[in-house]
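Colleague: Input: one structure, supplied below.
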Number of protein chains: 2
Amino acid sequence: MAPKGKTSFTLKTPKGTKDWAGPDALLRDNIFSTITNVFKRHGGMALDTPVFELREILAGKYGEDSKLIYDLQDQGGEICSLRYDLTVPFARWLAMNTDIRNIKRYHLAKVYRRDQPAMTKGRMREFYQCDFDIAGAQFDPMVADSEVLKIATEVFDDLGWKGNYTIKINHRKILDGLFEVCGVPQDKIRTISSAVDKLDKLPWEDVRKEMVDEKGLDGAVADNIETYVVRKGGRDLLESLLADEKLTANASAKAGLDDMALLLGYLEDFGVLDKFSFDMSLARGLDYYTGVIYEVITEGSAPATATSAPEAQKLQRQAKKDKKVDADEDRSNDPSVGVGSVAAGGRYDDLVGMFSPKAQIPCVGISFGVDRIFSITKARMQRESKLRNSEVDVYVMAFGGKGFTGLLKERMQICKSLWEAGIKAEFLYKVKPKLPAQFKAAEANLVPFAVILGEDELAAGKVRVKEMGLPDGHPEKEGLLVDIASLTTEIKQRLEKKANESGVPADAPAGEQEDLAQKVKDLL
Amino acid sequence: MAPKGKTSFTLKTPKGTKDWAGPDALLRDNIFSTITNVFKRHGGMALDTPVFELREILAGKYGEDSKLIYDLQDQGGEICSLRYDLTVPFARWLAMNTDIRNIKRYHLAKVYRRDQPAMTKGRMREFYQCDFDIAGAQFDPMVADSEVLKIATEVFDDLGWKGNYTIKINHRKILDGLFEVCGVPQDKIRTISSAVDKLDKLPWEDVRKEMVDEKGLDGAVADNIETYVVRKGGRDLLESLLADEKLTANASAKAGLDDMALLLGYLEDFGVLDKFSFDMSLARGLDYYTGVIYEVITEGSAPATATSAPEAQKLQRQAKKDKKVDADEDRSNDPSVGVGSVAAGGRYDDLVGMFSPKAQIPCVGISFGVDRIFSITKARMQRESKLRNSEVDVYVMAFGGKGFTGLLKERMQICKSLWEAGIKAEFLYKVKPKLPAQFKAAEANLVPFAVILGEDELAAGKVRVKEMGLPDGHPEKEGLLVDIASLTTEIKQRLEKKANESGVPADAPAGEQEDLAQKVKDLL
């Protein structure tokens, strides 16, 4: 680094953080809206908690990962830390509000982890989570769980990923049961479980090695485990497990399998069963899960994309560093793993009770990794369309010949009427703007319409409306004269037409409703 | 506090912070959407910066208030602090992105200040700011400034505050000029300026005392200042100042007055001049303003409102504490001041240059204090309507006699069709729910419609749609049978009708557009 004078600063964001601006911020906001709309459709209540918590609230919740928690400096007063996820704050809120015995809550917010950043893989120190959780004391088994999973399918379908993702599901009680049945000693169950969780990144031989060489498991026990954890499927797998008398004799395994039978039925009722894979190798890292667990995976990785040459060089350097980090952590470079899971969650019935036994309340939830979803969506979009900084509808311009006054007052008033009609509009902050400068500004941000003011037209109560980007020879290439009195109506109609042309998704077609009616009838 | 065991926790949020849930969170989200829509209508680009910055970025920007900055603990690596506002991060971003020479950006996010919290007055340690700023190197004077002020009027009009707020404006160059003219020594200008800023809370005698006794200003100079700073008005005030030859002989004052003349003209063109008060006592605390400054004030205070008896007691204790704090700080208890200003801002042409002289770019912006806006809006709303936890449209229920199966599958499928049509729906997570429990859940959250499933009706392909809360004797009190095939269409129509009845604001009426057309014609 260059030597610094008194007035010079290191102009950067802290390690593992970044600014979000322009098309990236806009795209991410659209992802947020899509997810929030799904959450609201299912009756979710918004909850917002402080970005930092008393340190003792977070203590003992994250096991080894606690070392990644950001602490605030002790400046006198309380000792606080930045939140590590949104689940523990939710549990703390439930424990504080014991009058609430059932609630669906959602929370979109940043969380903080002092992890080794790997920017090109989307691993950051500050990143967004979007959580939906259902807490309820007296619900029947697996009903809320199935709605959480239905929500997951709606989020990815609404994001346009239909047919392009799989939701792996498993059950902690099945896993715990099969480890017991296979002969894993009680005190090794959690550590063997986390070895199994690596099967999506490592071949069985490596995982076996970890179990036997590092964790001291009997080789024969490991081989027993293999016969189960390599299996995946749907109802077929469930039935073969239910037929396994050794397994069903174990109370934990039996309870888990009964839950799975209910769950698969409910997912079928919701019409989404084909999106799920019952995967015996899914174990999930966190300790607090007690029931069904799940992870959403998608095809393809999400390479970070440079928007400028210096950025490209920076990304190359970053990728090199990330590779080193991954080698250190002994991660596989299997490209099919891509950015890993894009959403994950499960049932956690005991977490709230950790704060206060009398506040105990069972919960089930899911967390969407928006930064990963963003990277993948962006990579897919960039092949298709150019991205915009903001979504302005209309650029209001003026032009004139000799003695041109600039028509600033008139541009302001036209903008005012557009704004009042809810139309997004802007104009150049110059008293006498040049026409090319105004067109350049409109084109740079892909503004779809120009409203052009000229003195003669204004005198006749008219302005010119021009659709931008029309090809030469198009009959409306030069725009059309429109009465000022009908300008906002005209613009609205054109914007609507344009939106329809670009194929905004319509509501569920009538045909689908009839199918449902038929189905409901058939059921009776 | 009770003695703590090993598994007991202090269940609270850190001092000066709070959870936002239920109706409060919903109302605040609606305020966010209203503000964001205005920002987008004016072509604002979303910018999101990290919650913490390198400490040196914040250093030297906030004067005495720097002691209120939250620091992160040094855990190895960079030294960081939580952001104190959104303006300095924006300036840092501009200084890092020197290719951007003009931009309108908005940012809604939390900021952090280790201030003495005064919960009942809405003074928190973690609170939201909503900022809109325009940076531009080559704009003509006061055009962007006037759009920022137009935005302020749209935000408060869209929030339903029309006629209920005033925007005070003044100009730093006028203030600096008049202090010079009155004989304030150069090195006392900033401190005398901040004494003047207290005139909205203290009578002139107290401010004069501070100037003379505490700050050592000559009494005659203070009396000169009085003749200016007690004045407020509109064009009349501007004209009397422009006629003041002593004042206009000062270059700074003259430049400020010329700016104000332009600004008042532009505000008139935007049709909002009546909402402004040119107020010579407005000085604003922050050092970095260089041009026009403004503050939005509204009638009435915002008492915190308790939703339960224990909360009421807590608020009383809190109010007592707050009062003590205010006494310590020698603040007035004038109830007309209420929560103070609800938005404020100004022009700051030199801030970006503090990071890097070659990145220099003039800026003007405004910051909306959402927590204060929230408190006032809530106090006004509570007189009118009950607030909801979430905005569910439909509660899907089932009932039946002997041998009732619960119709879970059918409830799930009806919900599925409603969700697919974008309708917000929920159902009870019970296999065999009791009808009263379902009605109770729907009523508790003021859900407007129930869809009721019965076996006989389903066999005929029908369900019952019931509007909740109809008075006894209403012809539709018991609901209407609807074909399942047309259920979503029926619900959508009813929701739309209900929305229209409750008076959703329509777009600008045609009459207003004609007036504009007439005005534009008249101008030519």
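Heads up, the Cβ atoms here are built off N, Cα and C, so glycines get one too.
The annotation L-histidine binding site is assigned in TrEMBL to B:ASP85, B:LEU86, B:THR87, B:ARG113, B:GLN129, B:ASP133, B:ARG284, B:TYR288, B:TYR289. Here TrEMBL flags B:323-333 as compositional bias 'Basic and acidic residues'. Taken from TrEMBL, the feature domain 'Aminoacyl-transfer RNA synthetases class-II family profile' applies to B:27-373. The region 'Disordered' feature in TrEMBL is assigned to B:305-339, B:496-524.
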Colleague: So, three-state DSSP: helix, strand or coil for B:THR87 (L-histidine binding site)?
Modeller: helix
Colleague: Compile a sequence-ordered list of residues in the same chain as B:THR87 (L-histidine binding site), six or more apart from it, whose Cβ lies below 8 A from its Cβ; state 'none' when nothing qualifies.
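Modeller: In sequence order, the residues whose Cβ lies under 8 Å from that of B:THR87 (L-histidine binding site) (at least 6 apart) are B:ASP131, B:ASP133, B:TYR288, B:TYR348, B:LEU351, B:GLY365, B:SER367.
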Colleague: Over the domain 'Aminoacyl-transfer RNA synthetases class-II family profile' (B:27-373), what is the model's average pLDDT?
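Modeller: Within the domain 'Aminoacyl-transfer RNA synthetases class-II family profile' (B:27-373), the model's average pLDDT equals 87.
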Colleague: How many angstrom lie between the most widely spaced Cα atoms of the L-histidine binders B:ASP85, B:LEU86, B:THR87, B:ARG113, B:GLN129, B:ASP133, B:ARG284, B:TYR288, B:TYR289?
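Modeller: Largest pairwise Cα separation, rounded: 22 Å.
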Colleague: What's the number of neighbouring CB atoms sitting within 10 A of the CB on B:GLN129 (L-histidine binding site)?
Modeller: 19
Colleague: What is the number of other Cβ atoms found within 10 Å of the Cβ of B:ASP85 (L-histidine binding site)?
Modeller: 19
Colleague: Which ones in the same chain are close to B:ARG284 (L-histidine binding site), with CB under 8 Å and 6+ residues apart in sequence?
Modeller: B:ARG172, B:ASP197, B:ILE293, B:GLU295, B:ALA344, B:GLY346
Colleague: Can you tell me the three-state DSSP label for B:GLN129 (L-histidine binding site)?
Modeller: strand
Colleague: Taking the Cβ of B:TYR289 (L-histidine binding site) as reference, which residues of that chain separated by at least 6 in sequence fall under 8 Å from it?
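Modeller: Expected: B:ARG172, B:GLY346, B:ARG347, B:TYR348.
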